[in-house]
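Student: Got a structure for you, questions after.
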Amino acid sequence: MDTNINTNWSDLGLSEKMLELIAEAGYKHPSPVQEKTIPFALKGLDVLVSSQTGSGKTASFVIPSVDRFKEKNGTYILALSPTREIAQQTGEVFASFAKPFGMKVAVCIGGANMNDEKEALATSPHIIVATPGRLCDHLERGNIWLDFIQCLIFDEADRMLEMGFAKQIDLITEQIPKERQTLMLSATFAPAVEKLARRAMNNPEQVVIEKTKQTAPKIDQELFWIPEERKLGQLLRILEREKGTVFVFVNSKEKTFQLSRLLINKGVTDVTYIHSDLQQEHRELAVSDFKSGKFRIIIATDVMGRGIDVDDVAHVVNYDVPKEAADYIHRIGRTGRRGQTGHASTFAIPGKDDKAIEAISKLRGKAAPPKPGSGQRNDRGPRDNRGPRNNRGPRPERQRTQPAKVQQPSPIAPMTQSIPKETPVVKKIGLLEKIKKFFSRS
């Protein structure tokens, strides 16, 4: 997570007690999204935020909302999360800052005991963190009223809408007073997010942590053009050389289980998997075991992967090319944190994934890597399969993205380092002009 060493937490208008808690939590300087969002949030303004995974979005809404309502009694803060895992993690962050002020936090998620959640809601917690579906269940049963909510938070709004929660979100917002503060955070401003912002927000301040097309030196990326039947062998070679934790992404729930079984059958036993159909306790156990180091490898889909926040992931493997280019950034953002060098490998099927790779390359601000058989060179120089070394002259200098002592499938094209670097920008132009026009019409 990038930080701005020129800005201190004391510059943001937070209380002395909150500054002490931030220092105890080990936050040295605010990240760009925290620096730009917190002052607006402390003033009670609506804030619409676009920032990538790993940028510090959670603290950017937790810290100001707790500080603003710390002296209130009753339920004033409601945070909606797309998945159970993200809700649980958000609840933990809220609790770490809220409990020292005597504030209570209730987390409502599918798979948990409904009666236990009902009892927690009956105590009038200061903060509720919930998934939209579960909160609607409590509303239908009369376990909660939202008449006193003064701060509504949409965390990962784009993901909630992608998961089909639009109707539940509308039902929830209809029961909250219109005179409220709304904070909406999203990795992207997709059209659905813009429509939700128009319905749920009142002339929001807009914070964009803009992506620049600069090289990010902390993540080495490589692309393998490889048929489906050879993916497993390539993954095994990566796991053999990579001794750190590995996050493997696939595109379906069924494949998480299938791939884990294949790896176990090949003797790789330190692997677990997670998908949305697993019982809650099994999902929690899988995540906990991965974080604790009991399992070195975890296999997940994009939806579930967004709920797992681990800082020391050594290698991300896109076993399947993501369906959306933006998800590529989310995925590889799991590695290369805290100043460490991360690695990301993507397996692309020739003829099937060409367009997806082109879209990813465009998002990264790079020319698309040469396709198999094109005879073209990419900007880092392709590896080849031209026969014995003694027939090819001197060995070229080894590139960082080229794994040592591993026979690679051919052809492949290494992808250069260009995960977007974040710089703070607060503006109301470009894509955000659409939102501005929406509000001007309303």
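Each Cβ is built from the backbone N, Cα and C atoms, and glycine gets one as well.
Keep in mind that TrEMBL annotations are predicted by a computer and have not been checked by a curator.
As annotated in TrEMBL:
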MOTIF     7-35  motif 'Q motif'
DOMAIN    7-35  domain 'DEAD-box RNA helicase Q'
DOMAIN    38-207  domain 'Helicase ATP-binding'
DOMAIN    231-379  domain 'Helicase C-terminal'
REGION    363-423  region 'Disordered'
COMPBIAS  377-387  compositional bias 'Basic and acidic residues'
COMPBIAS  401-420  compositional bias 'Polar residues'
Student: Would you list the DSSP helix, strand and coil counts for the residues of the motif 'Q motif' (7-35)?
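Tutor: Computed counts for the motif 'Q motif' (7-35) are 18 helix, 0 strand, 11 coil.
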Student: Please report, as numbers and ranges, the same-chain residues at least 6 past the borders of the motif 'Q motif' (7-35) whose CB is under 8 Å from any CB of it.
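Tutor: For the motif 'Q motif' (7-35), the sequence-distant neighbours (Cβ-Cβ under 8 Å, at least 6 residues beyond its ends) are 1, 42, 49, 51, 55-57, 59-60, 63-64, 66-67, 70, 96-97, 100-101, 207, 209, 422-424.
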Student: Counting by DSSP secondary structure, give me helix, strand and coil numbers for the domain 'Helicase C-terminal' (231-379).
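Tutor: Its residues divide into 60 helix, 27 strand, 62 coil.
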